[in-house]
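Participant: Pasting in a structure now, in structure tokens, and then I'll have a few things to ask.
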Amino acid sequence: MESCNCIEPQWSADELLMKYQYISDFFIALAYFSIPLELIYFVKKSAVFPYRWVLVQFGAFIVLCGATHLINLWTFNVHSKTVEVVMTTAKVLTAAVSCATALMLVHIIPDLLSVKTRELFLKNKAAELDREMGLIRTQEETGRHVRMLTHEIRSTLDRHTILKTTLVELGRTLALEECALWMPTRTGIELQLSYTLRQQNPVGYTVPIHLPVINQVFSSNRAVKISPNCPVARLWPVSGKYMSGEVVAVRVPLLHLNNFQINDWPELSTKRYALMVLMLPSDSARRWHVHELELVEVVADQVAVALSHAAILEESMRARDLLMEQNVALDHARREAETAIRARNDFLAVMNHEMRTPMHAIIALSSLLQETELTPEQRLMVETILKSSNLLATLINDVLDLSRLEDGSLQLDIETFNLHAIFREVLDLIKPIASVKKLLVTLNLAPELPEFAVGDEKRLMQTILNVVGNAVKFSKEGSISITAFVSKGETLRDPQAPDFFPVSSVNHFYLRVQVKDSGAGISPQDIPKIFTKFTQTQSTATRNSGGSGLGLAICKRFVNLMEGHIWIESEGLGKGCTAIFMVKLGFPERSNESRLSFIPKWHANQGLTSFPGLKVLVMDDNGVSRMVTKGLLAHLGCDVTLVGSGDECLRVVSQDHKVVFMDVCVPSVDGHEVAVRIHEKFTKRHERPLIVALTGNTDKLTKETCMRVGMDGVIFKPVSVDKMRSVLTDLLEHRVLFEAI
Amino acid sequence: MEGVFQLQKQLVDYTASLFKEGFLDDQFNQLQQLQDESNPNFVVEVVSLFFQDSERLLNELTRALEQRSVDFKRVDAQIHQLKGSSSSIGAQRVQRVCIAFRNFCDEQKIEGCITCLEQVKQEYSLLKNKLETLFKVQMKRGEKRRRE
């Protein structure tokens, strides 16, 4: 029972010291008791504390220490044995626990320390993740912005809207101070400020395009940071200390329609760029981040594509508008042309009729006059009148022919004729005029030239006459020689028609006619114009010669219709010229030569004995007389169709039927009405079948009525074979039947 | 040979008599001219058609004139047909009677019409007999010719 290691108390000063110790111990004990309470309190408060039993241990240690000090209080004075014992026990326990705790702490403190380091580590990691999260979120936002921007940009095809939207959205997304677009001008040497974000109407600032900074931007497809002081970034007059934020510029390729080749996407083939300049707010300390630059680049590309779409659309709409305009103009022109053609046709139709009527009167009466008794002078005069009026009639026909030729509606009248006779007639016609001018005209027909040929006699003669007439007209002196022979495919061809190979065959041959004159000649540059209608070579000598300029044009068309060719050779002015033409003619058949008589049509009086294949229509409601009429016509070789009523007749009648025989004394069928209807159905005269009335009424009234309704003839029943034969002959010759009996 | 010649003479005489008595006129000649190789039985065909047509017309005329109220328009049309047919083959006497018939019809005289109808029927049956005989002789001659 040793006393504790307390110091022996002194009396007065010692009493004081003892008092101090007493108080200190008391407080120490108090502290020692309160610490575990605090610890328990705070541990209870915290959720996690892994070392509870360490705490318990520590708490016990503290409590015991406190108990020790507390018990110390009693040991200042005289104290009993029990106190000693308690003191001792307390101390022993304290010692034990402290040692245990000390030992324990050796294990625990490193652990606690490592916890701390792990905590620090985790905190760092959390901070890092936070940062990365922030980055990802920013990127996603950027992506969203890009998508939205793209959507906005692509949702319209109007280029202004596209650009405006781009600027607005970019401004919003990146919170820009200002955003501007510089477009290249038409000349391509300047950039003009076209769109800005904040300023309403940008004044037309222009900047030359070949600045180094601009070149730098244009040469790369990335967004490039540029200095705020360069001309493209100075968008409005700056005053004072104005520190603008960082500026970035990016190029926007302006793609054109022809940049889009099929196999070669518009990479670097475009030369035109626009410049987009973006400025961060000046008062913030923001800098351009990489993701923002990427956003700007992507947007610039999208804008380029959208602009190119808009440009393509604009162009196609412009092309469409142009086409529509052209369409309208063409339509108008077509209608005008149609009107002109119609006017011309009307005019020609009128002229045809109005001019031909008096002409025919003159010609007819002159020829009648020729038949009467005349003195030789009178006869000469009448012959001249006749010749002149024939020429005039020919001219009228020429004009009409030309218009019909141009319409393409002219068809050649092919038949067998005497070839030699044509030349002789031309010679006869031209000799008087030639002798007046003292020109010698010679005709040379090759011996192998066939006497008869198959072709359009009238038009061939017209052609020869025209060519020879021209030769005579344009020669003041000298001679005219006409040669005609069969072309054997020689090499002398018109240089202007190298594809023309006249080759004879079994069925046809090419007649070649050369008319050489020693007249004024034609200069080589005028030769192509000769065959153009209404033009004449403008030399004073020829202007007086008259003529409408139509002749050669018509001849050319006739010759073309006859599958031939016509041209003129001349060595120059004053050296005469040669007109050459070749036409295709057929060989006449052997049998025809003996059977048909080659008297010109207007002399023929004997009818043909039969009309092979002539299609006729017979309308009669009496079965017996129908059959008899059919037998009659069939005997003459016609192809007869029978109808029994007016309606059937109108149904069946067609262009192929050349004649319609109608029984008109039948009360049940109004033959007159049928005739009128037929006239209505076939408006063109040459398409309409001839209508002949068969009637038993011999009175004049019937005949007049028939003529009035447009019948071409009247025959009185009964009809004999001979009568029918002569009727048909007359009908087909004259297309009208004056005689009725 | 003899037979054919005789038949031929018979034919010619008979035909001549028909013409003389006025049963046939020139139109019948025309019909005969129309008969050729392509149309060998033309005349027979036409005449047969005429017989058919005429019989029909005569029956209709009889019926029409038996009516209480006679439809003269219809009668006129039928007579016109008959006249046309008969003139087409050259039946002269029939044609003449038709003309008279027509006149009565225009005047709407029923008795006259009935009388004319009887006459037409008579002339028609006469003509029919004569023509049938003619054709028989022609056929016989044709046969004889073929046989020889």
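Yeah, the Cβs are placed from backbone N, Cα and C, and that goes for glycine too.
In TrEMBL, annotation is done automatically, which means it is predicted and not curated.
Found this in TrEMBL, in case it helps:
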type	residues	note
TRANSMEM	A:20-41	transmembrane segment
TRANSMEM	A:53-72	transmembrane segment
BINDING	A:Cys65, A:His69	Cu cation binding site
TRANSMEM	A:92-113	transmembrane segment
DOMAIN	A:350-589	domain 'Histidine kinase'
BINDING	A:Asn470, A:Ala471, A:Val472, A:Lys473, A:Asp517, A:Lys533, A:Ser548, A:Leu552	ADP binding site
DOMAIN	A:615-732	domain 'Response regulatory'
MOD_RES	A:Asp663	4-aspartylphosphate
CROSSLNK	A:Lys717	ubiquitin cross-link
Participant: Which of these recorded positions is closest to A:Ala471 (ADP binding site) if you go by CA atoms: A:Cys65, A:His69, A:Asp663?
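Facilitator: With Cα distances computed to A:Ala471 (ADP binding site), the winner among A:Cys65, A:His69, A:Asp663 is A:Asp663.
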Participant: Going by Cβ pairs closer than 8 Å, show me which of the recorded positions A:Cys65, A:Asn470, A:Val472, A:Lys473, A:Lys717 neighbour chain B.
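Facilitator: The answer, in sequence order, is A:Lys717.
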Participant: According to DSSP, which of helix, strand or coil covers A:Lys717 (ubiquitin cross-link)?
Facilitator: coil
Participant: Would you mind sorting out which of A:Cys65, A:His69, A:Asp663, A:Lys717 (the recorded positions) have a C-alpha within 10 A of the one on A:Lys473 (ADP binding site)?
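Facilitator: So far as Cα distances go, none of the recorded positions lies within 10 Å of A:Lys473 (ADP binding site).
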Participant: For the recorded positions A:Asp517, A:Asp663, which one has its C-beta crowded by the most other C-beta atoms within 10 angstroms?
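Facilitator: Sorting the candidates by Cβ neighbours within 10 Å, the top entry is A:Asp517.
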Participant: Taking every protein chain in this structure into account, which of the binding-site residues A:Cys65, A:Ala471, A:Val472, A:Leu552 has the most other Cβ atoms within 10 Å of its Cβ?
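Facilitator: Counting Cβ neighbours within 10 Å, the top one is A:Ala471.
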Participant: Grab the same-chain neighbours of the transmembrane segment (A:92-113) for me: Cβ-Cβ under 8 Å, and only residues 6 or more beyond its ends, written as numbers and ranges.
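Facilitator: 51, 54, 57-58, 60-61, 64-65, 67-68.
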Participant: For A:Cys65 (Cu cation binding site), identify the closest of the recorded positions A:Asn470, A:Asp517, A:Leu552, A:Asp663, judging by Cα separation.
Facilitator: A:Leu552
Participant: In whole Å, note down how far the CA of A:Lys717 (ubiquitin cross-link) lies from the CA of A:Asn470 (ADP binding site).
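Facilitator: Between the Cα atoms of A:Asn470 (ADP binding site) and A:Lys717 (ubiquitin cross-link), the distance comes to 56 Å.
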Participant: A 10 Å Cβ contact count, applied to the binding-site residues A:Asn470, A:Lys473: which residue has the minimum?
Facilitator: A:Lys473
